[in-house]
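Quick look at what TrEMBL lists:
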type: DOMAIN; residues: 38-258; note: domain 'Anoctamin dimerisation'
type: DOMAIN; residues: 261-846; note: domain 'Anoctamin transmembrane'
type: TRANSMEM; residues: 272-297; note: transmembrane segment
type: TRANSMEM; residues: 350-370; note: transmembrane segment
type: TRANSMEM; residues: 434-461; note: transmembrane segment
type: TRANSMEM; residues: 481-502; note: transmembrane segment
type: TRANSMEM; residues: 529-547; note: transmembrane segment
type: TRANSMEM; residues: 645-668; note: transmembrane segment
type: TRANSMEM; residues: 696-720; note: transmembrane segment
type: TRANSMEM; residues: 811-832; note: transmembrane segment
Amino acid sequence: LVLELSQVVIPTYGTVPDQQNLHTPEWADFDNKPDSLFFSDGQRRIDFVLVYEDESKKMTHKRSDRKKQKRKRQVYESNLINNGLQLEATRSVLDEKLIFVKVHAPWEVLCTYAEVMHIKLPLQPDDLKTRDSSFNWFSSLFRVDENIIKPEQEFFTAPFEQEHLSNFYIQDKDTFFNPATRSRIVHFILSRVTYATKNNVKKFGINKLLDSGIYKAAFPLHDSGFSHPSTDPDCPSERYLLYKEWAHPKNIFKLQPLDFIRKYYGEKIGIYFAWLGFYTNMLFVAAVVGVGCFLYGCLTKDNCTWSQEVCDPNIGGNIIMCPQCDKVCTYWNLTITCESSKKLCIFDSFGTLVFAVFMGIWVTLFLEFWKRRQAELEYEWDTVEFLEQEEQIRPEYEAQCTHVVMNEITQQEEHVPYTACGKCIRMTFCTSAVFFWIILIIASVVGVIVYRLSVFLVFSATLPQHVNGTQAIRKYLTPQTATSITASIISFLVIMILNIIYEKVAIIITDFELPRTQTEYENSLTTKMFLFQFVNYYSSCFYIAFFKGKFVGYPGKPVYWLGKYRNEECDPGGCLLELTTQLAIIVGGKAIWNNIQEVLLPWVKNLIGRYCAAARSEKIVPRWEHDYHLQPIGKLGLFYEYLEMVIQFGFVTLFVASFPLAPLLALINNMLEIRLDAWKMTTQYRRMVPQKAQDIGAWQPIMQGIAILAVVTNAMIIAFTSDMIPRLVYYWSFSVPPYGNHSTYTMKGYINNTLSVFNISDFKNESKPFPPWLGKQTTCRQVYRDFRYPPGHQHQYEHNIYYWHVLAAKLAFIIVMEHVIYFVKFIISYAIPDVSQKTKSKIKREKYLTQKLLHENDLKVVKKTMGKIADKIFKGVDGPFRHKDE
């Protein structure tokens, strides 16, 4: 059988037999054992389950279509049997139209494919001594009880080879391949077996059969229910233990049992939860510093001189501000911004600068320490050489390999799906498509901005006339508020619609690109999706931080968009406060929405499914039918989990200078996110096919790119969005002679000095407010901080020397801050190696002992087989020599 498999499996992955030679699954009735994980004989373990609807009872397709579907399914199942798998079919207990095909891989098949897939398996127990950390006593307080979830035994491992079968640590053939490995091998076969041939092109793989509706589902089984252990005494009930000790909300402050997660779900899910846990732990330090900076701002806001001047009736009360739009807007008093200026003092303080510098260093420490932690997991989970040895070519790539090229290394011919020119054309097309969609989202952002500019005029003209009631209502229902709310709703709808469309487009583009391995496929898709999501999610924040209120001209000569719409100015409290508000809403609201959506949707769907099933029958239901009614995990797997966290990582790092509480919100969210993701995966979803993963893939370089960009954005926020630099320039240069009138350095007079004066008579007819100003004052002040010569000066309304001093200080600050942080980041990156010396030594030691073990075992075999022959040869030649000597 092994020889037959080696001939069938590797070159052809199955053949299509004639109609009369089709093999069919065995049929068996349900044996009323709800927790059974075996065929009806109780011996053969169920490694995978396929579900289809009986074609004879389908009413949704034409009869000819049903026959074609049935033929494809029968051929596919026959080829599975030809490849050594054993199938058993059982009709559903609750719905007689459904048929469950249980798949079992015998020992010979597992061995054959373990060698094909280069799967690492145990050689002997690991006898390397590990030194306990000095913090072990502390971490043990938060670890899962080892009496409940026992630590996994460590082994030296090597890629499996059948000719060295005796070298491997095989105590029991039934348990040598654990359930996760068995499911992975069976899924490998299911993905490559053919079911039809059309125009000499083979159609194959369970994914295509699922897409075409021939099969309704394909999944490995959970080993038990989550709320109670299995009734089978031999079943370890790992799902139940994971729910009880990991997914349950009571464990929110406990460390995750990562080795146990990896054993049950595979390395891919294990590495995600390891990364999410590590990120959450690092956020604790950032949250503490952020809260400290926030409290510093709260404590010092009462000493904020410029805010006191805004609120002072004798200073701010005497300053009349110019209208914020043409004609319909009117003059207003600076004291209206008193409350917003006090709030701004909390966030626009010296603590913000300290926190921005700290976060630039924190993000480097996070990424560097994560690399070390990842290297430890690679060693512990045997994925150090995964990409080079184990990862297989995608079946979709194999199917397109029609071109022959010469391998530069082996100098042998090999098949590839496209020539060098064809690959260039594909990459050009894919890149162009991605940039087209990015331009589309930028266009939508511009459209929303134009909407804000045009609607602001409408609301300014209508709201004061139609809103009746107290002054408190007028205070909150302002034209700015109405414009922001409606623009945010439109922006949200545009984002969601483009998200839905782009997800499908990104998958089509990546499929056309035809990556060679699954890792390359996921990395390519991740890069495309993140570029789009980056523009989608961050564009509004970038607009508020760096564009809004920066290019507005002055009251007598405002700047217009498209020659029609007057450019948008910042709120009276300043753009920094608006950016802070935007971030608080996005970070907090997005976290709440995502968690409700992730928990509520699958729970409601499963609740409806269970209700419908209970209404039909009170019968005992088998494990495979329970799992079928759970939700499928989706084609993109953990993509959206990673995306959610990396988008959050961007908000925490890119704009943290304006919102120091962002790490605290992220910390609280992530503590819930870990348990919600665990709960969702353990209780609401079918078991995922276990997959190998060496690292977090393309998300690592994406986070490194965000970390580099974060230094620039935070430096620019402090320089151009906040008022820190103008205040410092005023304090050190313009509060004292020769520019100022004070004898000592002070912040007094800052407000009067920074709000430029404009003569009311200089308004142009198209922008002159109606009704006109009826007071005695002939001048008004600009809304935003601006530095221009007053009316009557020979250079009236041009930028004064204060402006150029401030601009030079801002540019100098950005350059100094960037270089200092980048230098510190470089030193940290150099000082902290990606792989610790301890892990390097372990890897080398294991490799040495593994090679030594294999070599010694080979020598033992050679001695055993050749010993008798060698003795006979030596005895045979010994006689003549001895006789000659005599």
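Glycine residues also receive a Cβ, built from the backbone N, Cα and C atoms like all the rest.
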Would you confirm whether the transmembrane segment (434-461) and the transmembrane segment (481-502) meet the contact rule of 3 or more C-beta pairs below 8 angstroms, pairs 6 or more apart in sequence?
yes
Proximity of the transmembrane segment (350-370) to the transmembrane segment (529-547), 3+ C-beta pairs under 8 angstroms:
no
Please indicate, using numbers and ranges, the residues of the same chain that are 6 or more beyond the transmembrane segment (811-832) and have a C-beta under 8 Å from a C-beta there.
356-357, 360-361, 364-365, 368-369, 372, 707, 711-712, 715-716, 718-719, 725
The domain 'Anoctamin dimerisation' (38-258) [mean pLDDT, rounded to integer]:
85
